[in-house]
Amino acid sequence: MELEHESKRPLYIPYAGPILLEFPLLNKGSAFSEEERSTFNLHGLLPEAVETIEEQVERAYRQYLDFKNDNDKHIYLRNIQDTNETLFYRLLESHLTEMMPIIYTPTVGEACEHFSDIYRRARGLFISYPNRANIDDMLQNATKQNVKVIVVTDGERILGLGDQGIGGMGIPIGKLSLYTACGGISPAYTLPVVLDVGTNNPQRLNDPLYMGWRHPRITGDEYNEFVDEFIQAVKRRWPNVLLQFEDFAQKNAMPLLNRYRDELCCFNDDIQGTAAVTLGSLIAASRAAGRQLKDQTVAFLGAGSAGCGIAEQIIAQMKSEGLSDEQARARIFMVDRFGLLTDKLPNLLDFQSKLIQKSETLADWQTETDAISLLEVVKNAKPTILIGVSGQAGLFTEEIIREMHKHCERPTVMPLSNPTSRVEARPEDIINWTDGQALVATGSPFAPVTYKEKVYPIAQCNNSYIFPGIGLGVIASGAKRVTDAMLMVASRALADCSPMAKEGDGPLLPLLADIQQVSRYIAKQVAKEAQVQGVATVTSDSALEEAIERNYWEPEYRIYKRTSF
C-alpha cells in the first residue's frame, strides 16, 4: 500500500488571526481558503480573493523583476522568506537557476557586509559571548522544536570577505535555504546560528548601526570554551542534529572539526563539502577524458584548510585507484603566499605538513629562489589540473595558463574562490589563453563563454551540489556521524550525474535545474554508505527509500484544522 505523504494530511494548529499571519512557516497569505479564513479568524485581514500558490508566485516574480540591483533582489526574497516560507520556496523552485546566485553566492557576500543596514526581522539564533551563561535558555527560545540541521558560523571568514562579525549570519541563512530548495529538507527542521564572539573588523566596530557585540574577537581558551559550551548545549537540546560548521577561520576550522567529528554528527562544508564537490568534478573530468584521477598531477594555489581538504580527498581517491599514499602525495603541489610547501618552510600547520614536497625531489627544478612560485611549479611539475582556493583575484595569469597548456593539451582549471570579485581567473580568459581547450569549473556562477563560434558552458563547482544531498541522506538514514567514506561516496555519486562523463559532451556538472534529482541520488548513496559504516539507524533498503521520500519536503500548502494549545 502506498503511504500518504505528510504534506497531504491536514495540519492541526492552535494559532489564529494576526498571529497566524505573522508565522512564516504557516502563513499562506491570500491562499487561505474561505473555510480556513472563518476557522482561524482571518476575515477582514486579507483581500477578498482566494488565490492559488501559482498565482502568488506569478505576482512575486513580477515584483522581483522590478528590482534591478541584485542586493535589492536579495532583500526582497529574504522578506518573502520571513513572511511566507512556502511561497518563498515555491518561487525559488520555479526560478532556481536564476535565483540561486541571488540568495547565495555571490550576492550573499554583499548582504553579509551590509547585514546591519538591511536587517528587517529576526531569523535563527544570535548567541553572544557576554550571554554565554544562558546558552541553554537561548536554544529553548528557538521557535522550532524539532531541529534536524544547524548551520553555525562565527563570522570570521565569510567567503573571501574576511571578518564580518554577526553579518556572517547571512551565510547560515543562505545555506539552509539551499538545504531546503535543493535537498528537500523542511524549513521547519533547520536553524541558522551565529556565534557572536566579537569582531576585529574596524568597519564593523566603528559602524554606529552594527548590531553585534562591539568588542575584539575572543581567542584561545576563552573562544574554545565558548564554542564547547554551545556544542554541549546543542547535544542536550537536539542530540541527533546534523551540525554544519561554516566559514570559520583557518586557525579554528580544522581543530573544531577534529575535536567534534566523533562527538556528534557534524561536518565542515568549507573543508569537506568543497573537497567533495571538487573531487566529484575531477572524477567526472577524468572519466570524460578516459583517464583515472591517479594519472593526473595537481597544483593548488591556496594551502589553507579548504585547499588541503580538497588535496586529501584527491589523495584518497588516487589511493582507491591503486596508488600508494607516497605516490599519491607526490602528485600534489601546494602553493601558498610563501611559495610551494616544502620541508624547508617553517611554521607549517599540521594539516599542511602532510602535503609538503621533499627538497631532494626538487633538486633538478629550475627556480630563482627557495620560495618556489606557482609559475615555477607549473614549469617543472607540469600539472594537468590547477585549482585556486586563494581568495585573491587574478593570480592565474596568462603566463601561467599558457605555460600549463604547453605540456597539457586539455588542462583542467578550477578558480574556486568566491565571490566573483575574488576569482583567480575569469573563464573567458582561460578559454582564450588555451585556444578553447581548457576544461573550466568555477566557485561562483559565470555565463557560458563563446570562443570561435563555439559555446563553452562553465560548470559552477558549487557546494550546493553536495551538502543538501548529504543532509537528506543523514536525516533519512538516521546517521550518527558523517564519515569520510560517506563524503567520498557523495563525490562519486556527483560524478555519476555529470553529463560530460556520461555523454562525452555538455557541462561537467549537472544543470542547476536538475539539482533536486541530483540531491536525491546523492542522498541515497550517502545513506547506503552510512549503513555500510555502521552509523545508520535505518538499516533496510526499503525503509531507506521510504525515509528519503518521506523526508523530502515540497513547497505546497497543507490544509489547516484548528486545535487548542
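Any Cβ shown, glycine's included, is placed from N, Cα and C.
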Subject >> One of D221, D228, D270 listed by Swiss-Prot as binding divalent metal cation at the site of E246, D247 >> reply: D270
Original post:
Counting across all protein chains shown, how many other Cβ atoms sit within 10 Å of the Cβ of R157 (NAD(+) binding site)?
Top reply: 26
Original post:
Which of the recorded positions Y104, K175, E246, D247 has its Cα closest in space to the Cα of R157 (NAD(+) binding site)?
Top reply: D247
Original post:
Rounded to the nearest angstrom, how far is the Cα of E246 (divalent metal cation binding site) from the Cα of D270 (NAD(+) binding site)?
Top reply: 6
Subject >> E246, D247, N418 screened against Y104 (active site, proton donor), Cα within 10 Å - retained binding-site residues >> reply: none
Subject >> Whole-number Å value for how far N418 (NAD(+) binding site) lies from K175 (active site, proton acceptor) (Cα to Cα) >> reply: 15
